[in-house]
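Asks: Provided herewith is a single structure, encoded as structure tokens, for subsequent inquiry.
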């Protein structure tokens with residue numbers, strides 16, 4: 001049993017244009033978030049709880065975007081817009097699980113900023129490694145369990161009529177509209193889980209920032225206030241984009257074009273939010289900018305050494321330094337008197 005995804009457009013020309021646009025967005029999303037993860041893993045200055053959570057946020061964004069984009073890109077350039085029953089089940093499960101996971105990772109990041117600003121002297125003890133791992137493990141486990149339960153309830157329904165899903169991925173609301181059995185239990189469960197997830201995660205974020213703003217107002221120096229605000233600016237921007245698009249979807253008044261509007265709004269939190277997150281954190285964060293500069297400088301420093309190793313690796317082992325013409329040797333040597341070259345042959349070391 002297969003489902004048919006309507007997608008964003010029926011026009012072949014517009015489909016090809018959207019294919020290029022969303023492929024570019026997907027590549028930028030993967031590159032930006034992968035670079036963020038690599039920087040956090042390899043730079044010692046970013047080995048802090050704040051960037052530990054940011055690395056997991058980037059990982060969730062990669063999974064989030066990769067869950068939907070490949071199938072949608074295929075639908076833009078192909079007449080086959082079908083998705084299998086198992087594929088739809090998996091896509092629905094991962095989508096719900098990853099959305100809930102991102103909610104609570106953003107809440108964990110808000111708690112981290114609260115401890116950093118309100119209790120800076122106790123930051124290292126209160127945000128220990130075990131605490132950080134727990135604050136990341138809970139979102140993954142809670143998100144997966146809720147995603148699994150919600151998806152099982154959805155696919156427990158009977159689909160005996162149309163199999164056409166008016167969306168670009170297997171979303172819960174369009175699937176429920178196709179069911180020909182009682183959907184009361186599923187709708188109630190979806191309402192409870194969505195309401196609890198939104199309210200609990202947003203309450204943690206709002207309460208954290210309430211205490212943060214109160215602590216910032218007690219800082220006397222303008223420089224100290226600006227520094228405190230700068231540590232929260234990137235996270236506040238990410239939260240505003242992610243929650244703002246979801247509130248626009250669920251709190252707007254119903255209309256005849258509500259389904260089409262839902263698809264347009266879903267594009268923002270499915271594609272644009274994962275793409276913008278690494279840009280927000282890299283452009284507004286001095287630590288990330290410095291880490292990128294150090295990584296670039298280390299790459300440029302390493303290149304001459306790699307070239308030198310490659311050059312001397314090709315020299316035969318029995319070749320003497322005196323056998324090489326000076327005209328061939330001089331471009332490889334440093335200025336006179338700056339260093340000496342040691343050979344493995346016996347005898348005095350030739351000075352250059």
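Just so you know, glycine gets a Cβ as well, placed from its N, Cα and C.
Remember, TrEMBL labels are computer predictions, not curated facts.
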Asks: Pick from 153-177, 228-252: which stretch is listed in TrEMBL under transmembrane segment?
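Replies: Matching range for transmembrane segment: 228-252.
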Asks: For the transmembrane segment (228-252) and the transmembrane segment (17-39), decide whether they are in contact, meaning at least 3 CB pairs lie under 8 A, counting pairs 6 or more apart in sequence.
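Replies: Counting Cβ pairs under 8 Å, fewer than 3, so no.
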Asks: When each of 17-39, 82-106, 191-216 is checked against the transmembrane segment (264-283) for Cβ pairs under 8 Å, which one has the most?
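Replies: By the under-8 Å Cβ criterion, the transmembrane segment (264-283) pairs most with 17-39.
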Asks: For the transmembrane segment (17-39), give me same-chain residues lying six or more residues beyond its boundaries with a C-beta closer than 8 angstroms to one of its C-beta atoms, as numbers and ranges.
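Replies: Here the qualifying positions are 8-9, 46, 54-55, 58-59, 61-62, 65-66, 69, 72-73, 76-77, 271-272, 274-275, 277-279, 281-282, 288, 291-292, 295.
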Asks: Quickly jot the same-chain residues contacting the transmembrane segment (82-106) by Cβ under 8 Å, restricted to those at least six beyond its ends, or write none.
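Replies: For the transmembrane segment (82-106), the far contacts come to 1-5, 53, 56-57, 60-61, 63-64, 67-68, 71, 136, 138-140, 142-144, 146-148, 150-151, 154-155, 165, 169-172, 175, 193, 197-198, 201, 205, 235, 238-239, 242.
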